[in-house]
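Structure first, commentary second.
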Amino acid sequence: MRIEEDIKLGFKDVLIRPKRSTLKSRSEVNLIRCFSFKYSTMKWFGIPLIAANMDTIGTFRMAEALSKFNILTAVHKYYSFDEWKNFISVSSKEILEHVIVSIGTSNLDFFKIKKIFSLSSELKYICIDVANGYSEHFVSFLKKIRSFFPDKIICAGNVVTGEMVEELILSGADIVKVGIGPGSVCTTRLKTGIGYPQLSAIIECADAAHGLNGQIISDGGCTVSGDIAKAFGGGADFVMLGGMFAGHTECLGEIIQEKSKKFMLFYGMSSTSAMKRYTGKIPGYRASEGKIVKIPFRGNVDVTVRDILGGLRSSCTYVGAQKLKELTKRTTFIRVSEQENCIFNNFKN
């Protein structure tokens, strides 16, 4: 047993210090980034936000909607091959170029990903997604995928420490997904006692990844656009969002009508609801590590996306970053004990 004495920080523990700026307007900020990758020879241009590969969020409809904003969608791994075949047959090149295909680490996943990628050359991204990226089996599977898909852009996770980021990049990952337990419907930290404050995980993992010409995705913990700015400020190359995209028309959550209001169910992928939906039961060796929540139905995702992008542009303006790429260099975090004035938080419109 050992104790690390240095303080680890989450998004709620800091604010970004404003700095002098030559920018006159938010409209001058460019959120588009261009990435090249360690293994894949492909390049990517776009806004580096990703809809999470949860079954209610990472849907085909979400991919169609977000592609219009040049934003990626990590499509969940529970669609059948026939559903993929139908989606690819009716989708444009622009949509498919913004799709990340998610898989697990079983032999069935390996056969399925080969079949899916045989359908279209426009698919570029693979996300090998497990809750715990620290297993030797996971690393071995990553090497297998890289060997079979030498030129695809591969992201793998989740992990939260620099040494494992380095291990995954050296094993074939272009991008490493960072985050254990920060999600809005994740209870892993409570159930297991395992985790890492997200901002510190980003800072440490980005340092490790960038030293090897890799990138990271910050996965989880963002509740407002200011948190997204903090993630980019801490060194994240991409930011993955689940809860912030929940409750929209493009999601697959069950809609509940209560009097005159609509709500949508949103749950974690290790929750009782998810396990029963895809395996029929909770395996005897497992415990639920997610929760189910009922959130107000929010309509089309377009409005939420514009609000997020507007907040991100404003963050860049406050620190004088004309490009999103410059935000990390322009960021100075200050530790705080409060984030907002809460006097009217209990008042409703």
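Residue numbers in this text run from 1 along the chain shown.
In case you wondered, yes, glycine gets a Cβ from its N, Cα and C as well.
Given the structure is predicted, the values throughout are model-derived calculations rather than measurements.
Listed in Swiss-Prot for this protein:
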ACT_SITE  Cys186  active site, thioimidate intermediate
BINDING   108-131, 216-239  NADP(+) binding site
BINDING   Gly181, Gly183  K(+) binding site
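What Swiss-Prot annotates, mapped onto the structure for a quick look.
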| residue | record | DSSP (3 states) |
| --- | --- | --- |
| Leu108 | NADP(+) binding site | helix |
| Lys114 | NADP(+) binding site | helix |
| Ile126 | NADP(+) binding site | strand |
| Gly181 | K(+) binding site | coil |
| Cys186 | active site, thioimidate intermediate | strand |
| Ile216 | NADP(+) binding site | strand |
| Cys222 | NADP(+) binding site | coil |
| Ile228 | NADP(+) binding site | helix |
| Gly234 | NADP(+) binding site | coil |
Cα-Cα distance linking Gly181 (K(+) binding site) and Ile216 (NADP(+) binding site), given in Å to the nearest integer = 17
Key: Ile228 (NADP(+) binding site), number of other Cβ atoms within 10 Å   = 24
Message = Whole-number answer please: how many Å between the C-alpha atoms of the residue listed as 'active site, thioimidate intermediate' and Lys114 (NADP(+) binding site)?
response = 30
Note = The correct three-state DSSP answer for Ser120 (NADP(+) binding site) is coil
Message = Cβ atoms within 10 Å, counted per site: which of Ile126, Cys186, Ile216 has the most, among these recorded positions?
response = Ile216
Query = Near Gly181 (K(+) binding site), how many other Cβ atoms are within 10 Å of its Cβ?
reply = 24
Task = Could you say which of the binding-site residues Leu108, Cys222 has its Cβ with the most other Cβ atoms inside 10 Å?
result = Cys222
Key: Alpha-carbon spacing, Gly183 (K(+) binding site) to Gly234 (NADP(+) binding site), which is rounded to whole Å   = 18
Key: Number of other Cβ atoms within 10 Å of the Cβ of Gly183 (K(+) binding site) across all protein chains   = 26
